[in-house]
């Protein structure tokens with residue numbers, strides 16, 4: 001592959017063209033009067049969206065230098081989405097503003113390293129000021145407001161608020177496509193795992209084909225149970241207590257399964273057997289989660305425990321268990337609260353440390369099952385195109401709401417960034433460092449300016465009035481009114497605003513300190529000469 005190089009001003013200007021192309025496509029979506037962007041999909045219907053990171057990921061430019069510039073801004077959107085889950089359009093607008101202003105100064109002779117120091121200094125002060133202005137999210141109504149602003153839909157905000165209220169802030173909220181027109185919320189309380197009863201003869205309700213156990217005992221083991229004699233001493237103790245038992249094992253088979261079913265049908269005792277969830281190491285971890293939730297002890301060779309020696313005090317308990325053909329749901333396990341809290345803290349640490357998206361998702365599911373439950377928002381729409389667009393908006397709104405619960409909220413509509421303008425302007429600096437601070441100062445007004453322009457207004461006029469307004473007072477572009485943003489529920493999560501600013505500044509600083517760009521130039525394939533026709537061939 002042939003490489004081509006560009007240096008200094010040539011390199012930066014070529015990359016800037018790419019930055020502008022991507023940012024201009026993304027920034028039309030910002031604000032309540034932002035527009036949509038249509039993305040061509042090769043094998044499906046076009047996707048209509050206003051989600052910044054989704055648009056950014058689709059952009060691939062022909063010129064390799066311009067494409068590198070676009071990829072840098074794409075990285076801003078990706079990183080912001082990864083950390084905060086929303087605010088990708090704001091981050092893109094901030095990055096473009098810093099890069100454009102910074103490049104003017106570099107072209108005029110400013111030292112990029114000095115500019116970088118100034119940018120870093122200004123962003124640090126701005127982030128501190130954002131946290132000072134931040135307010136905690138304290139009630140269901142405020143959670144609904146955050147979701148509604150992000151999705152531009154009050155109904156979506158309400159669904160997310162209800163879901164978080166029912167499953168807790170650490171609970172899993174999943175978004176699925178519905179077959180109908182309406183969007184619905186479905187909540188599964190307690191721990192649910194995707195394993196059902198091993199025999200339909202174990203059901204307690206033959207109409208619903210469900211086994212419902214009240215105040216059951218739990219036998220949790222990673223062993224295969226083939227012989228009924230292995231568990232008979234334990235079952236005799238359970239029968240004396242006149243309570244049902246749920247057996248969670250690697251497999252219940254042969255003589256053991258037959259006798260459990262026969263005794264169930266005779267009415268001797270009620271026992272339901274289910275396979276242990278997960279596979280390999282994940283199975284062991286999930287069995288430990290279940291044991292901690294119910295107060296059971298895992299019967300495993302790792303601890304030198306055998307089924308024949310198991311006693312009733314090694315079993316867990318819960319207020320209720322429901323077992324269907326496919327799922328088992330445990331409600332209100334009787335495990336020790338301190339042990340559950342310790343397990344939750346351990347899972348949170350593992351989530352922070354893991355670098356695998358798949359592992360993170362599985363750990364979050366386990367955390368939710370221990371901490372609260374699972375809520376499913378089933379998205380409905382009239383067409384597939386609308387369904388995809390609506391699903392993306394709900395995903396952003398959910399991420400935004402989680403971020404708000406974590407770090408609080410600030411005034412929305414770009415107001416929070418202008419509110420820290422004064423603090424940043426008070427930074428004492430000289431020369432190129434001062435210029436770097438000024439680059440950030442100008443960028444802080446860019447989101448408000450763009451929101452106003454998308455609403456068909458003059459951005460500069462709105463920005464100047466906002467600089468002189470009381471903190472928290474901002475411009476509501478949806479109604480063209482000046483209001484107290486927090487009181488009106490026009491809010492942004494502090495984490496989203498902070499992440500957008502930090503990632504935009506990071507990429508802008510790297511861009512400005514770039515002096516050479518190396519691009520791969522695809523080699524042109526020379527057309528092969530046509531082969532002569534063979535005798536007898538057409």
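Going from the start of the chain as shown, residues are counted 1 onward.
Using N, Cα and C of the backbone, Cβ positions are placed for all residues, glycine too.
Annotation comment: Swiss-Prot describes 29, 30, 31, 32, 86, 87, 88, 89, 90, 413, 476, 477, 478, 492 as ATP binding site, evidence class sequence analysis. Classification of residue 86 (ATP binding site) by DSSP places it in coil, neither helical nor stranded.
Taking the Cβ of residue 478 (ATP binding site) as reference, residues of its chain lying under 8 Å away and at least six apart in sequence are, in sequence order, 32, 33.
Residues 29, 30, 31, 32, 86, 87, 88, 89, 90, 413, 476, 477, 478, 492, recorded as contacting ATP, have a largest CA-CA distance of 20 Å.
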